[in-house]
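Listed in TrEMBL for this protein:
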type	residues	note
SIGNAL	1-24	signal peptide
REPEAT	56-89	repeat 'TPR'
REPEAT	208-241	repeat 'TPR'
REPEAT	382-415	repeat 'TPR'
REGION	561-609	region 'Disordered'
COMPBIAS	569-601	compositional bias 'Low complexity'
């Protein structure tokens, strides 16, 4: 190789920006695109060069590109073509050493690098530099490395760099020290390029890469804020250096800044033009974590047929549920659970259960409960027993609803007044179902008393909690009265007068209400309350009190025929309607108690695991 050719190659591989010849500029552009992870553009450049001029050098660049992008067999073929074109060009031997390292064959790698260095008598800076670099390219499953051997070759290359202008040497030394987990020396080498002795020879792109690599060092040690500082510096140096965006996004995820992370990663995709399915899957994951389920699904749709990772079905299921696409959620989550049983977590059952619940079918309700029951014992963040109770309530299985509202309260460190409202109503409503599901009358009486008194206990706790906060919920006392009335046969109730204090307390609170809307709502509860008190007064032969209550009914409803006839004596007292109206579910919007929590449909974070 003549001297001008050596100078050209050294300039190109050292990353200097001043070399102008057409062929060299093409190679330099390809290398810049490769480092910036603009893989499609880099590949186009290197393949065109190798096709138009299949020299040993162009074959090396093509093989180098293929090696760095994981196409080891193709890289080997390119390096072998390069050797065939010029057996004296030792860069292709170094390339074959890289192929051996990708296959974790350290012995062959050593033999090839030793051969290349010996053939050039240890005086070719390019060969020494590339030999050192090959030992830093791989990590983990991707291949073998040897940072100590890399440093040995790189130090020798540095000695030959008399003018101290090859910025790639300190950059790759930084990589070698990173592999050795020696962060201090690694940072020092990168700083040599940023503002140290080689800063004048370094392009903005190289400075961006150096800052990004320091950021990655801090990222490895989970110092997310510090790493982000360096990624910002890298972007300031060269906003077109795509790898910065990818690493920056990872650091932002570490800080749980999911929305910014997803946008940054999307920018990486746009800047790099990557089509790599694994990288696109990361964008989908980050959008999922950010709660942008529409964009997450958009990326997941692009990956259909390209990635076999079952996590795609989980994310599709969770995101579809969040967007109300319940059929798709059910399909995807069932597919995930059947294809990856060892990866299933309780959240998968939770969201599948919620998706089934949204289908609005009896089968959906049933399967919703099946899946929620699998998740409930393990979920410490959400009380899924409430969800299960809601499903049973929706299907009018109030006994089961009562059981699960009770479990929900038992598993909640701070149950709310609304929880006791739901528990009371479930017991109360099942009390009226007993006669339809139990034939034996004695058993009916026993169960009715049990469920109505359980309802009474729940409404008592509800009233206590509300009043503790300085508020009132009159309807709690109304339902205590109703529960005590229906818990026993009519004659027993009239004899004991058990419901009386509760109806009286309800009337006291309801009539003291100043809110006109609530006051109007309480009318439908006041009239049956007064009617029971009429019955009770008649049973105790207190006609004056009974007429007083009848007058109250007429104040509320002047057209109430029974109350008017009783007061006018048109009917005998015993003929007056004496059975309280059952009443329905309280109008929750008029009370200080919040409405029951609806079934949630938005999954939490964490699907992309």
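Any Cβ shown, glycine's included, is placed from N, Cα and C.
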When pLDDT is averaged across the repeat 'TPR' (382-415), the result is 96
Who are the long-range neighbours of the repeat 'TPR' (56-89) in its own chain, taking Cβ under 8 Å and residues 6 or more past its ends?
1, 9, 27, 30-31, 34, 39, 42-43, 46-47, 49-50, 95-96, 98-99, 102-103, 119, 137, 142
According to DSSP, how is the repeat 'TPR' (382-415) divided among helix, strand and coil residues?
24 helix, 0 strand, 10 coil
For the repeat 'TPR' (56-89), DSSP counts of helix, strand and coil?
27 helix, 0 strand, 7 coil
Helix, strand and coil counts within the repeat 'TPR' (208-241) (DSSP)
27 helix, 0 strand, 7 coil
